[in-house]
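Report on the structure given below.
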Amino acid sequence: MASFHSHFLVIVSILSLLAFSSNAQLSPTFYATTCPNLQTIVRTAMRQAIAREARLGASILRLFFHDCFGCDGSILLDDTATFTGEKNAAPNRNSARGFEVIDTIKTNVEAACNGTVSCADILALATRDGIVLLGGPSWTVPLGRRDARTASQSAANSQIPSPFSDLPTLKSMFAAKGLTASDLTVLSGGHTIGQAQCQFFRTRIYNETNIDPNFATTRKANCPISGGNSNLAPLDTLTPTRFDNNYYADLVNRRGLLHSDQVLFNGGSEDALVRTYSGNNAAFFRDFAAAMVKMGNISPLTGTSGEIRRNCRVVN
């Protein structure tokens with residue numbers, strides 16, 4: 001009975017994802033005839049980038065997260081004298097990185113099939129491949145997004161969750177994008193890779209009480225009470241360059257680096273799911289892959305909306 005029930009839930013969730021995809025007019029085979037080598041081109045470039053610096057997998061994932069609170073490539077646009085983009089919004093300024101990897105992929109894709117593939121789709125594929133290359137799950141990426149001709153620094157400032165957010169705030173910000181509390185908890189697992197700057201976790205290690213004291217002491221060594229704002233620490237204490245469920249083990253042990261991490265396991269609604277993921281890597285991988293597809297379907301531009309940018313940094 002349990003087996004039937006779980007299979008039924010899987011089928012229902014797959015159907016709901018398919019419905020979501022078709023509503024957004026995205027399809028995994030969107031470029032099958034117009035750019036058949038697209039996935040190989042992206043994967044090859046990501047393999048080279050990760051070999052050079054493993055952290056880039058996390059950086060590209062973060063770009064996708066911050067872009068998809070729209071999935072329209074707007075985060076990739078540079079500021080100009082007459083255009084204000086999102087790169088200098090508070091969540092991105094001096095911390096969003098990996099743009100040059102997307103530039104390289106775009107150049108390679110343009111050489112193979114010019115004017116065909118959007119920067120938004122390249123970012124979605126590069127994100128998936130970076131996670132796979134770091135040992136994480138794979139998923140089929142629905143494609144067909146088009147690129148924004150505009151960007152909103154104010155929207156980026158108001159809609160992207162802060163590392164200082166409490167649980168109710170995180171839940172409401174995700175709900176505003178059609179994402180559930182469970183989506184929030186599993187997508188936060190992206191913090192199993194990557195690093196954060198001292199300025200974003202200083203308050204936690206010096207002032208908060210729901211923290212392992214030995215962990216706090218270790219982090220203080222590289223994050224003084226003043227200065228050193230850009231000093232880095234891994235978001236996952238155990239395997240910071242491998243995509244796995246150790247992020248959740250850290251939360252259970254009160255070693256979440258950011259306030260917005262530890263609130264997921266602090267006597268609240270998400271404790272049970274955090275415990276599940278901390279002990280079940282397969283469940284984490286399955287749910288993370290599904291949530292990434294769902295997030296990638298948040299209000300993409302399709303059809304004749306937007307454009308296919310020739311250069312990801314500027315509108316045509």
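Cβ coordinates come from backbone N, Cα and C, glycine included.
According to TrEMBL:
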type	residues	note
SIGNAL	1-24	signal peptide
DOMAIN	25-316	domain 'Plant heme peroxidase family profile'
DISULFID	CYS35-CYS113	disulfide bond
SITE	ARG62	site 'Transition state stabilizer'
BINDING	ASP67, GLY70, ASP72, SER74, GLU86	Ca(2+) 1 binding site
DISULFID	CYS68-CYS71	disulfide bond
DISULFID	CYS119-CYS312	disulfide bond
BINDING	PRO161	substrate binding site
BINDING	THR192, ASP236, THR239, ASP244	Ca(2+) 2 binding site
DISULFID	CYS198-CYS223	disulfide bond
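Taking the centroid of the Cβ atoms of ASP67, GLY70, ASP72, SER74, GLU86 as the Ca(2+) 1 site, the other same-chain residues with Cβ within 8 Å of it are HIS66, CYS68, PHE69, CYS71, GLY73, ILE75, LEU76, ALA120, ALA148, ALA151, ALA156. Geometry remark: GLY70 (Ca(2+) 1 binding site) versus CYS119 (disulfide bond), CA distance 13 Å. Counting only the Cα atoms, the space from CYS71 (disulfide bond) to CYS119 (disulfide bond) is about 10 angstrom. Annotation: CYS119 are the recorded positions among CYS35, CYS119, THR192, ASP236, THR239 whose CA atoms are within 10 angstroms of the CA of ASP72 (Ca(2+) 1 binding site).
Annotation: THR192 carries the greatest number of neighbouring Cβ atoms among the binding-site residues SER74, THR192, THR239 [cut-off 10 Å, Cβ to Cβ]. With respect to their backbone Cα atoms, CYS68 (disulfide bond) and ASP236 (Ca(2+) 2 binding site) stand 23 Å from each other. ASP67 (Ca(2+) 1 binding site) is surrounded by 28 other CB atoms, counting those within 10 A of its CB over all protein chains shown. Only SER74, from the recorded positions ASP67, SER74, GLU86, PRO161, CYS223, ASP244, place their Cα within 10 Å of the Cα belonging to CYS119 (disulfide bond).
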